[in-house]
Amino acid sequence: AGKLLYSRPHVTLLVHISIYTGVAAAYYFILILSSTMASEDVKDSPAMVVFDTEAANSLVKELRSTVIAGKTKSYEWRVSQLKSLLKMVEDRDKQICDALFSDLSKPEMEAFIHEIAMIKASCKLALKKLKDWMKPEKVKTTLGTFPSSAEIVPEPLGVILIISAWNYPFLLSVDPVIGAIAAGNAVVLKPSEVAPAMSSLLAKLFGEYLDNSAIKVVEGAVPETSALLEQKWDKIFYTGNGRVGRVIMAAAAKHLTPVVLELGGKSPVLVDSDIDLTVTARRIVSGKWGCNNGQACVAPDYIITTKNYAPVLIDSIKHQLVKFFGEDALNSLDLSRVVNSNHFARLTKLLDDDRVSEKIIHGGQTDINNLKIAPTIVLDAPEDSLIMNEEIFGPLLPIVTVDKIEDGIHFINSRPNPLAAYLFTNKKQLKEEFVSNVSAGGVLINDISLHLMVDTLPFGGVGDSGIGAYHGKFSFDAFSHKKGVLHRSFYGDASARYPPYTPGKLRLLKALLDGSILGIIRALFGWS
C-alpha cells in the first residue's frame, strides 16, 4: 500500500554520524537505546526489511521525484491531502484514543482536547486559509527600479523530515505534517518509538488515507533515525530534547539543511499575591498534572513566589490536587502514567537526593508496577540539585521562595531561556516588566499552556528552548521559501546606468538611489 514499515534489529547499532562525534552523539545513542529497550522487541522476519542508509536514500529519491514532477505543488493536491487527514482523524478517533491510552494511560478527555481536537482545528484552519496563504504578497518598490512591481511568492521547500516526540505522539506528529502539506511539500514522518502503539497506528493510517507517493512514515529507533539523518533534506523538523537537538542540527549542517527544533526547558511560574487564589491554584494544577501528568514541554517546571505568600498558595494547590485526583492520586483514572521504566527511574532519581526528599511537602508516593508517581511538591530544593537544573518532564513540582516578587524575574533570567514563562498577577506594572524582561519562547499571563491554542501566535523556543516556530500560518511559513520577485518592463531604460560613465550620469544615479526628486530634476537639467 506504499506504507514503509521496518523492523528493529535485536542488536542495537551505534551508527556513526560522521560530522558529529563525542558527548552529544553518545547522549543520543544512550537516550534512544534506553527508549528502544523499553519498547517491545520485534523478532526478525524474512518478510520485514531493515531500513538502512540505502533504503533511506531510495526513499528520498522517490519523494524528490514526486516533488520535481510538481504533484505536491498544486492547490488541489494540498486540499485533497488535508481533507483526507481530517477524515482520518474523524473516522479513527477511537483508535487514536486507544493508542494514547496504551502508550501513556492518557485519559480520553485529555486525548480528545489536547490532541484530537487540536489537530482537527489545525486541519480546518489550513483548509479555510490555504488560498490566502498561497497568494503572492505585493510589496512596494523603490524609485531606483521605476517602473516596476514586486511580490513575495511562497514556494515549497521540497522534501521534509519530521521527527516527533512521545509525550503527545499524535499531536506532535500530525500538526507539523499539516503545515508541510499545506506548504506543498513531500514528507517523511518518523514517530517516536517510545510510543509504539501510536507509531504503529500512524504508519497504518497514513498508508490508508494519504498519498504514499509523497507522504511516508518510517518506524524504528537508532538505526532508522541515523539512516534518515544521513540524507539530504530540504528541512528537518524535530521535537524533543536539547541533547538530541544538537545531534539533529549537526547532521543537518552537513547538507546545509535548515531546521526547526522544538525543544523544552524549565518553564517557570511566577505567582504574585495580588491574584484570585482559587483560580490560580486550579489552573496550575490543571496545567501541570492535567496535561499528561507533567510530561509536556510547556508544563510548569517550578513555581516562584514570596516567602510570605508560599504557605497560602501551597495549601490551595494541595486542596485542588485532592479535589481533582482524590486522596489516593496513584489510583486516579484522570492521571496519565509515566511513559516507561527508564523515565520512571529518571524521575525517582530526582527525589533520591536526601536534600530534596526532605523538602517534599506533598505526594512522593510511587508505584513502579504501574509506572505511577503521585503529584509531588518540593519546597525550596537546593539550587544545585538535579531537580532544579534538569527539565523535570513529570509530576514533580518544586516551589522556590524569594523575598520580593521582582526577585523572581532575576531568578528566571539567571537560567537558560524556557519554552514558556507564566505569571499570575493583577498588577499592570508587574505584567509589563515580566513581558519586557523575561526572554522565553512564549509568555502567558494568568493561565497555563493555553497560548498553544491561539493559532495567530507562533509556538517555538528561543535560545536553549529551540529554533523556529509553527502553528497556524507560522506552520505554512516554516515549510515555505519566501521568494522575492521583481517585475520590470522594457520601458524606462535609463542610459545613465550604462557606460561610458560621466559626471552627469553619476549625479543622476546618486539622486535616483537617494530617492531625491529634486536631485533627479537638477541632474536631468544639468544644474549643479
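Using the three backbone atoms N, Cα and C, a Cβ is placed for every residue, glycine included.
These features come from TrEMBL:
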type	residues	note
TRANSMEM	12-33	transmembrane segment
DOMAIN	71-483	domain 'Aldehyde dehydrogenase'
ACT_SITE	E262	active site
ACT_SITE	C297	active site
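There are 25 other Cβ atoms within 10 Å of the Cβ belonging to E262 (active site).
Geometry remark: E262 (active site) versus C297 (active site), CA distance 9 Å. In the shown protein chains, 29 other C-beta atoms lie within 10 A of the C-beta of C297 (active site).
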